[in-house]
Structure formats: C-alpha cells, structure tokens
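Following: one structure in structure tokens, then a few remarks.
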Amino acid sequence: MAEFAEFIAAIDQGTTSTRCVIFDHNGAEVARHQLEHEQILPRSGWVEHNPVEIWERTASVLMSVLNATNLSAKDIAALGITNQRETTLVWNRNTGRPYCNAIVWQDTRTDRIAVALDRDGRGEVIRRKAGLPPATYFSGGKLQWILENVDGVGAAAENGEALFGTPDTWLLWNLTGGPRGGVHVTDVTNASRTMLMDLEKLDWDDELLSFFSIPRAMLPAIASSSPLQPYGVTLADGPVGGEVPITGVLGDQHAAMVGQVCLDAGEAKNTYGTGNFLLLNTGEAIVRSGNGLLTTVCYQFGDAKPVYALEGSIAVTGSAVQWLRDQLGIISGAAQSESLARQVVDNGGVYFVPAFSGLFSPYWRSDARGAIVGLSRFNTNAHLARATLEAICYQSRDVVDAMAADSGVRLDVLKVDGGITSNDLCMQIQADVLGVDVVRSVVAETTALGSAYAAGLAVGFWAGPSDLRANWQEDKRWTPTWGEDQRAAAYAGWRKAVQRTLDWVDVS
C-alpha cells in the first residue's frame, strides 16, 4: 500500500453505464463519475455492447474522478473492479481488437443451444458441476455462438490468439497493458457464471468445455476475488497516470453482497437494478437447488476457502419501469412511477408479468412472454404503475420462497440496494409481500463498495471483516403492514398471472 494512500478506487462496469467511485477508510463515498454507453439491439432478443466504447468510458471515468478530486495514483491504495456478469467478449491477443460486439447477459439468441443441452441430458451435468441450469443468461452458450458464427474466431481460439473474457477480464487486460503484456485473468465469482467452471475445483472443467466446443487456450486464469498478490498493476501511461495495484474483482451481485456485509451464512441482500438479484450466503457449503435457483460462488478472499451462495436472478424489474416511460409513455421518469401508483390503494385486480425475454429464477422459462392480466374498464394508468411496482416485489417473493425451500433458512430481514430502493412505495410493498422488514443501507453504491472492500482487504487498507461491519449503517427500514390473509391472496393472484405467460414462444 502506498505510504500516504488514503483512498480506494472502484470501477463499476454495469449494463447501462460505467462509473468510478472513490471511497475512504469509513467506506464513505468521496467522489464518483459515471458515463452511459450504447445499448445495441440488432434484432429481437439480441442485446450487444461495444467493447471499445466500454473501455474508453472506463478510462474516461477513471481520469475524470481523479481530476475532479485532485487525486493522483499515489493517493490510491488499490483499485477494485466489479462488472455486469455473463456478458461475453472475444478479442485478439496481438491487436487488442474485439472480433465482434459483446453479447450481453440479457441476450436470448442462444435459446436453442440451451434447450438442446437440456434435451440430451447434458443439462444435468452442468447443474451438478457448475450449479447453473442451461440458459441463455450464461456465458458458455454465448461463447459457442461467437465461435460458430463470427469469421476467424474458431481458428484464432485454437492457437491462442483469440481471448475470451467477461467485462472484468477485458478491463483488467487493458488496464495492465493490453497487447503490451496485459494480464488475462478473471475471478472465481465471474468464472462461476459461465457454465464452464467446476464449483468445487474452482477451475475450468474439460467436460463442460466439450459441451460448448470451447478451446481451453482462450480462457483466462481464475483467481481469488481478493488475491494475496495483485492481479496486476495499472500502467504509468494509462488512465490512472501511475502504478496502482488491482487487488479486488467481483461480479456485480457478489460485490453487492460484500458491500452489504452479508458475510455470514443466512444473510441475504436484494439488488434492484435493470433486473433483480437476490443472494443468500450459504457459507462454505455448496447448496444444490431443487427449486430453480442458482448455486454460485459468493466470494473468495485470499487463499481461504470460497464462500458460496444461492441466487435468484430476475431478468426484468427496473427495466419494466423504463418500459412504462419509453414504450408506453405513461410516465416521464422513473420517479413518477411512485407518484402515479400512489393515486390508487391497490392494483385494482391488475397483474403485470414483465417476461419480455422469458422468465429467469425460479421458473427458467424462455418460452414465456410479458402479460398484463385482470384488466377491466375500471382500471387506469395508476393501476398499471402499481402493478409494475408489485411485479418487482412478487418476483422477489418467488425467489425468497425458493431459497427457504432449498436452504431451510427463513429471512427475518432483507437488505436492499439499487436505484429502485429510493421508491418508498415499492419498498413498502416489498415488505408487505414478504412479511419481513426491508432495510436500506446509508451507502447506495454497495456494488462499487464491495469491490473496494475486496481490493482494500488485499492490501491491508481494512484489517478484516470487523472493519467492514463497523462501516455498515442503516438508512431506512420498512415494516410489513399487510395481514397474512391479504398477503396470501395477493400472491395467489400473481402466481395465477405467471401461468398465463407460459408456452407463448416456440423455442424447440
């Protein structure tokens, strides 16, 4: 750690934007800079990002936040990275040029690959070894698609010229030199989202690679989330302007777990973003799900044993509110969803299931599509706004119930973070739907904070978990107001609505 370095920098490379946040010893945000990037939608179901644009945005936010605070590399003890998971990039080792756009986690072009895996029995092997169901969500199928459909990638992959990575790997490679010797590495949390890593061995699995015809030569090394030795060091002529060790990498939802200090078995958090991601810490135990959840690595610090988690991934939550704004035009901004929904006392019998790209946890139905059910002439825009907020909360209830069935753990409190947590009505509905207290922390940027914690622990900026727990502070708490009968009746309506969305698209 630099002698007078008083800060940790964290890069948060997300689905819609990239930000850099500076934190102090108290885990308090000192400064941030954020830039959005283009969402490329070539055809229905396809979602892409430009890797070069993402790298340029990352470099820009790094330089901007340092300039705005008059800080330099010598003030930064370490750099952490957190990122959108599963998004798949392939680039040339010698030139640094991507072979194609990144295929984003939301992209569904690989639906037939996923169906074929389940049909011939390979899906059960993937579930057993990787902890994941075959789905369009994960990187393995996306990488197979690139190898099969992008000219030149297959041959380049065989001879080691083509490199695969999720956004963390792409940023690490560029920050540490790119074609001039950049490191090609990922962490265990990101690797656990590919369908290619054995959860127990924490290494790429040859049988899983064979399912997707992926050459091992193109894969990054797998390291701890907070390794004993840095992943690498930023270059003096790079965007940081000096040498700073990169010592923490976590997929975004794993980073939020660390940022929320959910470090003990039985603790859970729910992140509300484009989608929702609810994780339950299961300690050193690998809990296999029989109820549609994912088994994943939560984090690994140093050379300690990894900590695992159960995860419920929900594809469409915050983006459903964006749909009200951008496609229907019934609100002018996300904040208006609350004021509009408050014009009614309930949903008026309306349920909205936003299965725009199918349903993720716990259903895993790529054949589902969105539906608004229960409409009558009595209903208004306000009922639809209310139903949209409720859909976010009911989908989370689906996951919480599945977690209880898999783990035997029933929550008594749920920590929450993400943009929608500023919507008081939505958080009150969440407490009512779950029947447990919902708690928001003071620091809103828990994802960036988690990667900062991972980086800081590696260099002694924080001594250990007790320091992180001391930093966590409650900002607001919502307590349930519904009775059990109301809760049960409302949720039964939701489950009925979900059934109406199934078998809509032929993915056979």
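A Cβ is built for glycine as well, from the same backbone N, Cα and C atoms used for every other residue.
From the candidate list Y137, Y231, Y299, Y308, the residue Swiss-Prot records in the sn-glycerol 3-phosphate site shared with T15, R85, E86, D252 is Y137. When other Cβ atoms within 10 Å of the Cβ of G419 (ADP binding site) are tallied across all protein chains shown, the result is 14. For the recorded glycerol site, residues R85, E86, Y137, D252, Q253 set the reference point as the centre of their Cβ atoms, and the other residues of that chain within 8 Å of it by Cβ are Q84, T87, W105, R193, G251, F277, S313. Taking every pair among T15, R85, E86, Y137, D252, the residues listed as contacting sn-glycerol 3-phosphate, the largest Cα to Cα separation comes to 15 Å. Same-chain neighbours of the ATP site beyond T15, T16, S17, T274, G318, Q322, G419, judged by a C-beta within 8 angstroms of the site's C-beta center, are, in sequence order, G14, G273, S319. Neighbour counts of Cβ atoms within 10 Å were compared across the binding-site residues R19, R85; the minimum falls on R19. Its Cβ taken as reference, E86 (sn-glycerol 3-phosphate binding site) is surrounded by 27 other Cβ atoms within 10 Å in the chains shown.
With R85, E86, Y137, D252, Q253 listed as the residues that bind glycerol, the site has a largest C-alpha separation of 15 Å.
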